[in-house]
Each structure stands twice: as C-alpha cells, then as structure tokens.
Amino acid sequence: MTRRDIVARFKGSFLGCVWLLLNPLIMLTIYTFVFSIVFKARFNDDSHLSNLSFATNLFVGLIIHSLISEVLSGAPKIILSNANYVKKVIFPLEILSIISLRVSLFNAFVSICALLIVFFLLNGYINWTVIFIPLVIIPFLPLILGLAWIIASLGVYMRDIDQFIGIILTVLLFLCPIFYPLSSLPMNLQGVVTLNPLTLIVEQLRDVVIYGHLPDLLSLSKYLVISSAICWLGFIWFQKTRKGFADVL
C-alpha cells in the first residue's frame, strides 16, 4: 500500500517522481533567497560561504519539518477518505497512519540523498558521521505516528481540525531553528524554542550531516522514551475512539 500511494501521487504527471526532488529544491531556493539575501539571515560569519551555509542548514530543517507536516496535515482526513475500510471489521485502520508515515519517510530519504549530493558538490567531501542519520531520525518517528493516530481519530468527529493543524505546523516551522541558528536567540527564548519537538532533531541532524559532530545519544534516548510514550498513548486513544467511527461516518 505504501508503494501504491507513492506511485499514485505522481501518476499522470509529466515529471513523475522527479517532483520528489524538485519540490524541496524549489522551496529551498525560495526560502534561501528570502531569508539569506533579503533578510540577511546567517548560519556562518564568513560572508563568502554564508549563503551556501544557510542553504544546507535550511535544507536540513525543511526535511524534518516536511517529514512531520506531510503526515499530520493528512491525518485529519485519512479515515474520512478511507471510509469504506471502517465497516470492514478485520481491517486494521491504524495501518493507514503507518502507511502515511512510510510514504513521508521515503520522501525524506530522497531529500536527504539530495542534501548529501549538494553538500558533496559544495565541499568535496561527506562527513563520516552521516552514518548516524538513522539514530537521529528513529526517535522522531514514534512521536509522529502517535500524533497522527490522535489527529486521525479527532478528524472523524471534528471535521475542521485540519485548519487547526495547519496553524500548529506553521508555528512549529517558525519556532524552530530552521531559518536561524538557536545560538542567535536570547537565552530566555532559546528555552522556549528548545521545547519545540522538532528542535532537537533538526540540531542533531545538522551536527551529523553538516558539522561532522557525533549525535547526543543521551538526549536522543530521552527523546525516544517520551516519543514512544506518546505513540503508545496515541494508539490507545485511536483504539478507544475507533468504535464510534461507523456511527459518525
């Protein structure tokens, strides 16, 4: 079903799966122009390298935000658009969110490959620490899945929740060190931004891909524990509330 969803998304389009690369690259170009050239945002003090540094740092943040936003933005309608499965008692409805996550993860994989290619072309090397990319991404996945189950269930009973989710995703985008380094913020604001569930993952992915630093395994382990707890709670919530899906649909 994951493969079917990936193929169906680009079926009939002129460029097909090439859009998997074009979409993030186009958005990267737009954001880089607006923030690094118009607003003079910087991740590097070297003016010669600042725009290139900004682009690669920005790309990392956009990959992580896209990974969660693709899943959560589609979650409110995922049961509604598959209503025919609701009355099939033997069909595990929770798998729909898992499929959505796998599709988004595939898109993120393609984007990370593009990021590594761009980084190599700009620098002539790839940091060996990229082998830790899975260790950075994995703790993030249970959180996404747990939230997706909760939102998918709420979407059945509250049809306008997708509007609220769109606002939340926008807040997560700008209250995360995607367009700016965390160190550029005042200390009191750094604490607020650190509470964003995307912040640690974005910072850690930058460390292993761009700066060649080892990941903070202790922080990632704590994140995984909390993420897994949210996933478990999301699953319990979904199983409890799914009993009323057929009545509402």
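Even glycines carry a Cβ here, placed using N, Cα and C.
Annotation comment: TrEMBL describes 12-38 (among others) as transmembrane segment.
What TrEMBL records for 15-241 is domain 'ABC transmembrane type-2'.
Residues of the same chain lying 6 or more positions beyond the ends of the transmembrane segment (58-80) and with a Cβ under 8 Å from any Cβ of it are 24, 27-28, 31-32, 35-36, 86, 93, 96-97, 100-101, 103-105, 107-108, 111-112, 115, 118, 137, 140, 144-145, 147-148, 151-156, 159, 161-162, 165-166, 168-169, 172-173, 176-179, 198, 201-202, 205-206, 209-210, 245, 249. Summarising the annotation, TrEMBL assigns transmembrane segment to 58-80 (among others).
Per TrEMBL, transmembrane segment is recorded for 101-122 (among others). Long-range contacts of the transmembrane segment (101-122) within its own chain (CB-CB distance under 8 A, at least 6 residues past either end) are made by residues 2, 5-6, 9, 20-21, 24-25, 52, 55-56, 59-60, 62-64, 66-68, 70-71, 130, 133, 137, 141, 144-145, 148, 209-210.
The annotation transmembrane segment is assigned in TrEMBL to 128-152 (among others).
Annotation source TrEMBL lists transmembrane segment at 164-182 (among others).
Per TrEMBL, transmembrane segment is recorded for 220-238 (among others).
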Long-range environment of the transmembrane segment (220-238) - Cβ separation under 8 angstroms, sequence gap at least 6: 93-94, 135-136, 138-143, 145-150, 152-153, 200-201, 204
